[in-house]
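For reference, the structure discussed in these notes is given below.
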């Protein structure tokens, strides 16, 4: 026919397709459909109907459903008989959810779907429809809430666990010191770092071959290892060194985290009281290291002065000191001071919310971007690059800044924070542009596979493209994520604990709060933004989502905020650090500096958390 110059028309193709379907020659059917499209004879409703009906007769319901979806997406509406035949066939093999999707689409178009065949038992069909139909949306909402709650718990729990594990390790090394009164902190720190880095290297070596396995295998193995670790940790409890009774009964916030709430409550109950004329009216006031008795407790921040009232003893009360404390109306000076210090750090922590959100988004989606490239097996090396960069830059920056500013410890930490936020701005731009390039590459790529979702929303039915972009395009963003994390996070840790007034337990407690604020809250905000986008930005697959728009919004809205923070930090570093350093040197021999009696906190001191 072709040799004689006669070209087949659509009816000829339909006849050939029907004949091959009856003979079960599916490969020839696909060749004919492809040949039709090449010659410009795009399949229409009649061709699609033949394909759907033919595959149903061959009991190949998955392929029949795919042709049905393509027919529906190309704007052709199947006839009632085709829909009924397909839904009936799907229900016979237990694929009730696909059948419900077709039924719902038919109802939208005003078609009466007779989906219950006389040969089918009515009981199971009705129960199946009730389970997968009437309650499907309710189940989706429940699943949605479970995913959100589980993701938040994992994110916050992981962020809050690591600092306490590190501190627990350090305490065990401290217990092995021969002289408990003169513990060599540097040696303990070196041992902790050595074991921590050993664990990191061992985990990385195991992760490289494990990463090539299926995610189900990885989940089972990692979950099993975590369970075994928990059991071993519990069984070894009798072998751990425990604190003495004095440390166990300490009233510091590090041992009783909810003390902050109790201090604020006690201060609110005594707002009507006047400040005492003498420090002896403070509960558990210890001025052993003070050269002058102070009427305003450290840290002296004007907006937080009222919290001092939580430590004022109510002399007119009929209750004793212990009774007032048990009633929640009296707190020790130590509790008040540490509460004020934590509240004073809130402005600084708030500057890291955008930073934490960007860090969480980068860590989450960069890995998925790597999986969608040609060489997903190389992703583990990019993750290692990020980790190595973080540890290297944290150590190197600390060494270099200590050489450049040997006496200005506060300035060193603020410079690291400043550099980390500057890198975060650059990182957000790189994330945006790399994802934009990846999407352009997807549009030009021939890596196309057709899949379908089980959701009723028809936007989920499309071709899923796979990028041919090299995975090394992602190397700059992994490098920048490691840089910003190593600079800003370690700078924040040094900033919060670099104060001579803080106890050892408080210095160990603050890094956990830092990690929770930056990583925990950042992960939580990222989860909320992703799930609240209402599918305008995020779909079930990354290649269907508009991650480039998400990064663009983070860049547009986050950059001005970070620039404001950078400006404030710059003013703080170059105009206040010299005066702060003088006060730090004056505090080396005194717990409370002399200048506190006359100096009042400025707005810069309050919002920049100046340690003066």
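Please read every residue number as a count from 1 along the shown chain.
Using the three backbone atoms N, Cα and C, a Cβ is placed for every residue, glycine included.
As annotated in TrEMBL, transmembrane segment covers the listed stretch 144-165 rather than the other ranges in 78-99, 100-121, 122-143, 144-165.
Between the stretches 513-533, 576-596, TrEMBL puts its transmembrane segment entry on 513-533. Ranges compared are 37-56, 57-76, 217-236, 237-256, and TrEMBL records transmembrane segment for 217-236. Range 345-366 is the one annotated as transmembrane segment, of 323-344, 345-366, 367-388 (source: TrEMBL). Residues of the same chain lying 6 or more positions beyond the ends of the repeat 'PPR' (9-43) and with a Cβ under 8 Å from any Cβ of it are 50-51, 54-55, 57-58, 60, 63, 71, 74.
Between the transmembrane segment (513-533) and the transmembrane segment (345-366) there are 3 or more Cβ pairs closer than 8 Å, counting only residues 6 or more apart in sequence, so the two stretches are in contact. Of the candidate ranges 194-211, 217-236, 345-366, 553-574, 553-574 has the most C-beta pairs within less than 8 angstroms of the transmembrane segment (413-434). Taken through DSSP, the repeat 'PPR' (44-78) splits into 26 helix, 0 strand, 9 coil.
Within the repeat 'PPR' (9-43), the DSSP-based counts of helix, strand and coil residues read 27 helix, 0 strand, 8 coil.
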